[in-house]
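These features come from TrEMBL:
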| type | residues | note |
| --- | --- | --- |
| ACT_SITE | His251 | active site, nucleophile |
| ACT_SITE | His482 | active site, proton donor/acceptor |
| BINDING | Lys253, Lys484 | substrate binding site |
| COMPBIAS | 55-66 | compositional bias 'Basic and acidic residues' |
| COMPBIAS | 114-123 | compositional bias 'Basic and acidic residues' |
| REGION | 44-83 | region 'Disordered' |
| REGION | 96-168 | region 'Disordered' |
| SITE | Ser509 | site 'Interaction with DNA' |
Amino acid sequence: MAGTPIVISDSDSEDEEMKRAIELSLQSPTEVDQHDEELRYAIELSMQTAQAEEASQHAESSERAQETQPAPQPVKPSLSANPLLGLDRKAMEEERLARQAARKRDKSISPPPLRRDNLEVKRPRTGPNNFKAKADTRTLDNGTSAPLTGLRYPNGVLKRTRDPANPTPDDITIEEVLVKERLKTAVFSAFMWDVPWFFSKLDMLTTNMVLVMQGKTALDRENTTRELAAWGLPNVRLCFPPQMGPYTCMHSKLMLLFYETHMRIVVPSANLLDFDWGETGIMENTVFLIDLPRLGQTSNGEVLQSEDDLTFFGKELLHFIKAQGLQERVWKGVLNFDFSKTNHLAFVHSIYGGNMDVDALRTGFPGLARAIKNLGLQTEDTEVDFAASSIGSLDDLYISNIYRAAQGKFTMPSEAKARLAASKHSDHFRLYFPTHDTVARSRGGIRNGGTVCFQRSYWEKPTFPHGIFRDYVSTRPGLLSHNKLLFARGHNKDKEKVAWVYAGSANCSSSAWGRLTQPKASLKLTCSNWECGVIFPVDASDRDLSDLGKAFEGVIVPPFEYPSTAFGERMPWFFMERH
């Protein structure tokens, strides 16, 4: 897999385009761009004066910013660099003793499979018309005690976190996601954690867990590891993906849930916090889920699947979790499941650090373009509607790169300015983010707008693309959004209709999607964040693409009002100015 060239091209000749890209990189070396996100440090300084009043509400944000925890009613344990602080030591010790008496832990990341000897794994053809499978729109029953028969989401589905005031069949709770009574082993990753709340959603006596957490410094990692050891939780292990420096972020949200018969892959935009999952009625998020059946084994116990057998989705998922540093037994456990029903989907990611050459084309916004091309979803007259909860220091050039990536096109850094002149993004790219007034009128008000992040200094830059902004007003009145959704629709070169949606953790910034440069004789994509998401196509052949809701009807309801108005004289929400 690592030795196979990965190429993105606007033309039919991929080899020719790759040669051209390499030639251009040799001709036009550039210095690595200075990161445009200084917000995190500014926030850390500004919060020093506010911590006495709202200490329990603050935590670092995903966009070189500090996301601030809403405080609906009771003050919760601080979401500090060590998320394990605040656990009930006595209760956890009692559980530990009970666990020791009850059983011995299973050492495998993937529970023993149901045997299906000599199972042949067949992969459907990948192509632009090979995503006819409709999303499974069935919902889980309220509660999790009902028998689990078959796979609830075999083709993948997009759900909204539940609004207690207005529950609908399109919503889902964290209990319905986890089905804790049957959960054997799980991998959880998030940026922000309320660990006592989260552990209350699990059976701590029967579930093996790996927690993928942020650990920027050796001291952070040591403290969190020491705290976990103090709680006596032998079935819980930690993973700290590589990070260096204060302006980096482990922002991806991913769950790998292993049951006796299947694995559930979950990609939410929600952190592991009660308000992100809708329990306080102030915030909304999106959740992708898919259930993959367990494969059989040969008579000698070997799994009938290698990495090369995986779909595009499976290969990129495996590439991502390996890069994060998950143990071999974790990613080998993933190989025990049948990915054939992911053939119409793409797993996309941003891998922290400097990704060079072929790897640079595999992640971030070049990886988005590659995924769109792989699924046969390239378009020309593309309409993009992007909802984000955090905005970076943008300019027209960067938005043009994201727009072209959504078309399935790759832009070399040396060509970017020329491409910008021909780009139509200013008329066809809309970025949804709330105005100050919208946050003030929300159920939680401005006190709960801390995880919706934007800085005034970015907005006031003369090169900032103000015209693309639209007010994010939730279709569920009063909710604030933590969604990261990119809707794309248009026509391919054969005039066929195309529509797809990205759902994941990546906001609209270079920290999330990366910045591509050409140092010396190389390509380099620098990502400050870990991110992941899913490309979910729809069969658009009979859909009205002129209407956003009709284009995605039955797959996902756009959570914001549309068409929305431009900001005009109104100001966006600046989370550092909560007054």
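Including glycine, each Cβ sits where the backbone N, Cα and C put it.
Those TrEMBL annotations? Automatic predictions, nothing curated.
Feature map: annotations from TrEMBL on the structure.
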residue	record	Cβ contacts under 8 Å, 6 or more apart
Lys253	substrate binding site	Ser189, Ala190, Phe191, Val267, Pro268, Ser269, Ala270, Asn271, Gly504, Ser505, Cys532
His482	active site, proton donor/acceptor	Ser269, Ala270, Asn271, Asp276, Met283, Glu284, Asn285, Ser389, Thr451, Val452
Lys484	substrate binding site	Ser269, Thr286, Ala387, Ala388, Ser389, Tyr502, Ala503, Gly504, Ser505, Ala506, Asn507, Gly533
Ser509 (site 'Interaction with DNA') and the residue listed as 'active site, nucleophile', distance between Cα atoms, whole Å:
13
